[in-house]
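Trainee: Could you have a look at this structure, given as structure tokens, before my questions?
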Amino acid sequence: MFIYLSKKIGIPSETELHCVEWNHNTNFIAAGGTNGILKIVKLAPIETPGQGKATTTAKGRGDPKGLATPTNLSVNQNLEGHTGTVICASWNEMYQKLTTSDSNGLIIVWSLHNESWYEEMINNRNKSMVVGMAWSIDGSRIAIAYQDGQVIVGTMDGNRVWNKELPSQLAACCWTHDGSSLLFGLVDGEVHAYDSQGNFLQKLHMVALENVELETALAKDLRRDKIVSLRWWAPVPKTKYIESGSIQHRQTQMFNRPQGEGAAPRLPRQQTFDGVAEVRGDARPRLLIAYEHGVIQLMRNESDTNSILVRLPQMSISCAAWAPNGGFLSVTGQQMDLPQNDRNVVIFLTAYGQKLRLLKVQGISLTSCAWDPTGLRVALSVDSNIYFANIRPDYIWGYCSQTVVYAHETDRGEFRVVFFDTQQEEFYSKPVRFLEAITCFDEYCVIGSRAEDGHGSFLCQLCNGMGTPLDFKYTEVRPLNIAMNGVACVIASEDSFYIWHFNLPKKSSLNYISLQKPSTEQDIVHFLDGGPQNSFNPQRKKKANDGICSIAIADTYFIMATESGSLYKFALSDGTRLGKFPILANIEKMYFNCNYTKLAIVNHHANMRLFEVNDDAFSSIPGIERRDVWNLKWDHEKDDTMAVMEKTRLIVIRGKDTEEPVVSSGYIASFKGLTVRTVLVDQFLQHPDNPEKKFVIDIEVKALRDAKYLLDKMKVSEATAYIERNPHPRLWSLLAEVALNKSDLTTAEHAYVMLKDYHGLQFCKRAAKIDNPQIRQAEIYAHLGRLDEAEQLFMQADRRDLAIDMYKTYQDWFRILKILQTSSGPGDDALLRQIYDKLGDYFFERQKWQNAIPHYEQSKNMEQLFKCYLMLDDYNSLRHLATQLPDAHPLLIELAELFGNAGLCELSVENYLRCDRLNDALDICIQLNQWEKAVTLSRTHNLRDVDSLLGKYAEDLTGSNERTLAAVQLYRRAGRYLQAAKIVFEIADDERRRTASLLRLKKLYVLGALMIEEYHQQQRAKLAEAERKKDKNADEAKIALSGLLAEDISVNLEESRMIDNAWRGAEAYHFFMLAQRQLYRGNADAAMKTAYYLIDFDDILDSIEVYTLLALTSCVTKQFSVASRAFMKLDSLNELTEEEKDSYRKLAIKIFSKYPPTDTVPNMIGCINCDQSIPDYSNICPQCDIRIPMCVVTGKPLFDYQFWLCPNCKHRAYEQHIGNIKFCPLCHHEIA
């Protein structure tokens, strides 16, 4: 952080200023002092011709922007009305009003009208002096504190809200951040809090009063308890009101636009001034109470019991103010232990009270200070003058290759690191928590942050210019200082350091000695005052007395400077200490030149000195010492040239000579090619999400400017002589370009010789042999990269081929395509295919697969089309691509493997067969459990025995019933439905013997029956295909009949019996559960008819359960004839014991002694075949022995001639009962 005085505004009278306040919305500055003086001024940039044009290269003297922009007073108005000394001023930021008060107690409110400030309201108590005025954050209320204890709170319109007389005299007042409370500073140093209605809330805990030094307390000239500043930080709101139609309105609109549209330029909640505004776990203080005797108390809120106390010894404080971002504060006053003329000082502190910088100001009295909206400038009231001090922070930023890297804080502890590519004008960003530091070298940067995943306390990431991490390292060393070269990075805290030999994706530069060490089990941390120590088992946490303040790295070693002025030299390979040298105290930065022979050092006071670097000493170079240096960079190519920033001037130093300064406020990013690249980091941070190339400014050194001037005047001979006196590759290159434009091949060849450019020399020789001047000039333009002009000349000379060859050299295939589309020539078809192929590669390399596809289709590049479709997961296009390929094409094998991996068996097999890869086709069928396809392939092409492999695989799956069901699925996929059904029926019979649940048994029997139905369909399909091959006119009836005969021939007796009885098990359990469900629902008649049908399944169901159910339901329905037969059957069952049989006999006697064994309500119905009357529950006609089908919905015999037939299981049901059912009750097939 560097601070310097930049401007001075004098008040033309013998007046001493007492207050100064800066409006953050409109940039007006109010200053008041003795004799009633009150002045309003405003600084505005001086309009210069051409200002506002966005140029990234500064011609000659550069483009002064930022703090270096010249300013003058656009407003300078004296306000009359006060007679006493103006001691207080307060801006209403929301409604743009100014309130001032003087020593006589007069208060005036000023407002803007017709571009001038006018008196709006006056108030005067005539009793006491005003010691504090403060507007609430919303601008609706103002609090006025008088010295005698009177407090008045009023509105913006002048109406009094309330007033109160406090019991103590007052010294200051302020609102809290939300306007809910008021804080009053008393003359005894206490601070009390009141609510917005004037009710007392609490007394703040003032640590500053409990720790007062005795000498200070007894001093007569300083009151220990006098409060000079009481301020609560809150973000400044944007104004709601401004006078419309005025110039001021138009100027102020830029401050009221949303962010990204020219919003008020403020630094964000910032992370760094010297890296000391660290992110801490506790909340940042917002309230400051400054005492005149040099003590400041910083509090997080009014109830904070752990406040921060800052002591500034021997200082008399006059004012303290928060920076706009709340991260820093400035303190003005007099340092009593300094000489009389040097006592006026401004001290800058962090929000946590850490001292950053001290600025001395000449004068007798320094009374007040105010920050500008950006936080980069401070206004100071000194005697009768307003001084302006510029601030140059040490931002966390860097520059690698062509990329600007900067960080901005998005939330508490949350940072976003932005990588802005200045060539492509694209930016990338990545989130980083608790950022510590950024350093860059060549094409890479290292980002240091606090780790949160437990691997180490801190994390360092090596990134490229796009922010992609290439390597990372966890360490216990806090990265307060980081330095890197092409092979290693040194990470240093206050008393220790760690050497990280990172890994790059390509070989390290040959300019560096390979220092890569073999990795060890534990990382080594080094200390200045001792040997190495294990990083993750530290035995010492004691802070060093002499801390590390700066580091610089060379090719094989690095140096560290300490606060006491010692310089340590260490080997980069293993951290061995090579020496210790006395140098300078309070070193801030150190910079090596390009060959590490000189060292530039900038100390805490912004003084720069140069040292000669030797193996055993650092010798001071006399005659080169600069002041007010806050940034510098050595020339990348010359070891005696550097660029330094002094205040707002960029100065190039060559040896002991200096060039004329150039106005600039940018940070130096690089110095090479006689061009100093500066970056307006302030602008990048004010617009962090909208970086622009205009924030990067290139400034040319004098030699380049002079050479360009001579060449622009076409004084080639003079320019050649000048460049020979001041040789540089950039100048010779410039001379060669100008000479080629003039077709002066001799001069161009001389320049290429000095550049040692073999390619340029060869071009000059080739161009000299071209007789046609038009073609020669076109070749020159092509060599210089002026392709449009070269193409125009080639086309005028009717040499389209040369234009095409030129664009081929530059890989500009789009331009070649345009030429071919606008003209024609021989060989265009082959060239077009090449162009489309190259254009497809262009989009493919940028991962724009969809854009690449049409170009590859034009070039018929099937391999690249395959890759594009694969990246897009477009399997339909891949299938279409396979049909376009000839048989045995190598790409078919890749497609087959891809389809197989995706589970697309049919497509995979088809492509394997086209490549004659039969075994691979069979393997993919087996892998995907497509056994039916595998069996077909095996039989068709006489491959290995799949049946045995299938049986072995199925055998491995057996064990438990659940595993055996997996074998059923395997057989089903292989088309072996009978084997699958057999296994299912075996499982069902096994579980039936173990009395499994009825529902599970039904499901198993249904599953087995469905396997049989699939077998029927398979056989019919095979036979239909065979019959149609024999007879194309074969009808469906003939095919069905042939199928039945074929089934009978192809199966054995056991399989035939299983096929015939496929649905018996399912029917048995279906009707058994149906009967019980009907009985429990109270429908005993339906339950009896269903139970009567269960007699046919006594070989599957338990006979006792069947006949007891029938006996029960028939008794309930008074069908005692049926009940009698049921009891007789129970009496004959061998499964019952004699005791059980005796019980059934007694029950039968009891029933039939009361009711005869005849049906009391016989319901008769005609047989569907012979029309003989039979009971409605009978399913067999005794006359014709026809079996009547059963309704699967009701369990009743089906006597209707029209009925519903399930298309899946072929079972029937009454049409009137199937209407409200969605699925077949037996097989659960969906009903259409």
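Just so it is clear, glycine is given a Cβ too, placed from its N, Cα and C backbone atoms.
TrEMBL does not curate its annotations; it predicts them automatically.
Relevant sequence annotations retrieved from TrEMBL are reproduced here:
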- 1-233: domain 'IFT121/TULP4 N-terminal' (DOMAIN)
- 272-392: domain 'IFT121/TULP4 N-terminal' (DOMAIN)
- 397-700: domain 'IFT121 second beta-propeller' (DOMAIN)
- 731-821: domain 'IFT80/172/WDR35 TPR' (DOMAIN)
- 1060-1159: domain 'IFT121-like TPR repeats' (DOMAIN)
- 1189-1231: domain 'IFT121-like zinc finger' (DOMAIN)
- 50-70: region 'Disordered' (REGION)
- 79-120: repeat 'WD' (REPEAT)
Trainee: Tally the residues of the domain 'IFT80/172/WDR35 TPR' (731-821) by DSSP class, grouping H, G and I as helix, E and B as strand, and everything else as coil.
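Mentor: Summed by class, the stretch gives 74 helix, 0 strand, 17 coil.
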Trainee: Sort the residues of the domain 'IFT121/TULP4 N-terminal' (272-392) into helix, strand and coil with DSSP and give the three counts.
Mentor: 3 helix, 63 strand, 55 coil
Trainee: Can you give the mean pLDDT for the domain 'IFT121/TULP4 N-terminal' (272-392), rounded to a whole number?
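Mentor: That stretch averages a pLDDT of 88.
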Trainee: Please indicate, using numbers and ranges, the residues of the same chain that are 6 or more beyond the repeat 'WD' (79-120) and have a C-beta under 8 Å from a C-beta there.
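Mentor: Residues 18-21, 23-26, 28, 30-40, 126-135, 137-140, 142, 144, 146, 156, 158, 236-237, 239-243, 246-248 contact the repeat 'WD' (79-120) from elsewhere in the chain.
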Trainee: Counting Cβ pairs under 8 Å that sit 6 or more residues apart, are there three or more between the domain 'IFT121/TULP4 N-terminal' (272-392) and the domain 'IFT80/172/WDR35 TPR' (731-821)?
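Mentor: These two stretches do not touch.
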Trainee: Looking only at the repeat 'WD' (79-120), how are its residues distributed among DSSP helix, strand and coil?
Mentor: 0 helix, 26 strand, 16 coil
Trainee: So how many of the residues in the domain 'IFT121-like TPR repeats' (1060-1159) end up helix, strand or coil by DSSP?
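Mentor: Secondary-structure composition of the domain 'IFT121-like TPR repeats' (1060-1159): 74 helix, 2 strand, 24 coil.
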